[in-house]
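Worksheet: one structure, shown below.
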Amino acid sequence: MRVNDQHYHTIWVNENDATIVDVIDQRRLPFSFETVHLKNESDAFEAIRNMTVRGAPLIGVTGAFGIYLALLHFDEKNSLQEYLNEKASFLKTARPTAVNLAILIDEMVDALSDYADKETVVKLALEKATELKNREISWSEQIGEYGCELIEAISKKKNGAPVNILTHCNAGWLACIDWGTATAPIYKAFLKGIPVHVWVDETRPRNQGARLTAWELEQEGVPHTVIPDNTGGHLMQHGMVDICIVGSDRTTATGDVANKIGTYLKALAAKDNQIPFYVALPSSTFDFNLNDGVQEIPIEQRGASEVNEMEGISPEGEVHTVRIMPEGSPVANYGFDVTPARLVTGLITERGICEANRESISSLFQK
Ligand SMILES: CSC[C@@H](O)[C@@H](O)C(=O)COP(=O)(O)O
């Protein structure tokens, strides 16, 4: 999508040096637009861990390029297969909840395992990581097409009045490569001329909604309003939300959805107000090995500074971090929660829309 009217992806191979992978530094947005060079697998690991890159599909693709970068530095002293396995295990531990990381790294390893010489493997690794990146883009776009039909149907019922969509966190193009998951249907609807308005949950503690979703919607010219996280229920009670669309970091074979902390509360409020609650996700976000999301999905716990500090920009344009609570108060910082399938109206995938239950999911994915 666009940054100051120029088309960007969130990750790309450096135009002048194919041994470098570039990413947008999402920690700096919306205050400044900066890019970062990744030169080896440790850089890729650190970019995922410190959230230079974030969002499930982008985490997965960065892991895939991390394997490519690791292979560039293979010194041929050990077995290639052992080296590959070691780097794959290392990269998979960068963050725990988004299953895309392990899935795409495994796809890389599977594609490269039959080859022994470095030159061939490096070439194939670049091709494979690029293929996985492009696949993610086309899946996002397809999710956009299917999700757009839902928005269009609501628009017709509202006789052209704007469709109010509530979203949580950033499941936009920044979290993917292009288009996004939750935002793809919104962008598709907007480009089709369907009037839309997005309620953007600020998404404490890191404010991915206020900082990233608001920024990308603004860059595309999509009407939106940022709301404090606690506002959604009130809006729903007053008929001001037509549909909720969120992303996912891991969805079980039974349709339980892990997404950014606070998603569950929005789903509860949506259920109480009979508002459709959809989750948009590519097949790389399904964990078909899991059946009970609340019990089985690993939930990341993050540092206290994300809760007890806040970053902002002064009128002079300087970015400052300030403490917003008593110094001695302990904090808890769970990164994600699980929305049980019973609260999810449907899953918007690149293969179509299904219900959040085993039968409906397997009818699309035949697992
Ligand atoms: C298309 S991204 C879906 C999710 O990854 C997104 O909603 C989310 O929770 C991101 O969390 P983050 O901690 O910013 O990586």
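Heads up, the Cβ atoms here are built off N, Cα and C, so glycines get one too.
These numbers come from a predicted model, not from an experiment.
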(request) Check TrEMBL: it lists Arg54, Gly55, Ala56, Arg95, Asn259, Lys260 as binding substrate. Then name which of Gln208, Gln366 it lists for that same site. (result) Gln208
(request) Mind computing the max CA-CA distance among Arg54, Gly55, Ala56, Arg95, Gln208, Asn259, Lys260, which the record assigns to substrate binding, rounded to whole Å? (result) 17
(request) Note the Cβ centroid of Arg54, Gly55, Ala56, Arg95, Gln208, Asn259, Lys260, the recorded substrate site, then list each other residue of that chain whose Cβ lies within 8 Å of it, in sequence. (result) Ile59, Thr97, Ala98, Cys169, Asn170, Ala171, Ala175, Gly247, Asp249, Gly335, Phe336
(request) From the binding-site residues listed here (Gly55, Arg95, Gln208), select those whose CB sits under 6 A from an atom of ligand 1. (result) Gly55, Gln208
(request) Would you kindly give the Cα-Cα distance separating Lys260 (substrate binding site) and Cys169 (site 'Transition state stabilizer'), rounded to the nearest Å? (result) 6
(request) Quick one: pull the CA-CA distance for Arg95 (substrate binding site) versus Asp249 (active site, proton donor), whole Å only. (result) 11
(request) Whole-number Å only: compute the distance from the Cα of Lys260 (substrate binding site) to the Cα of Asp249 (active site, proton donor). (result) 8
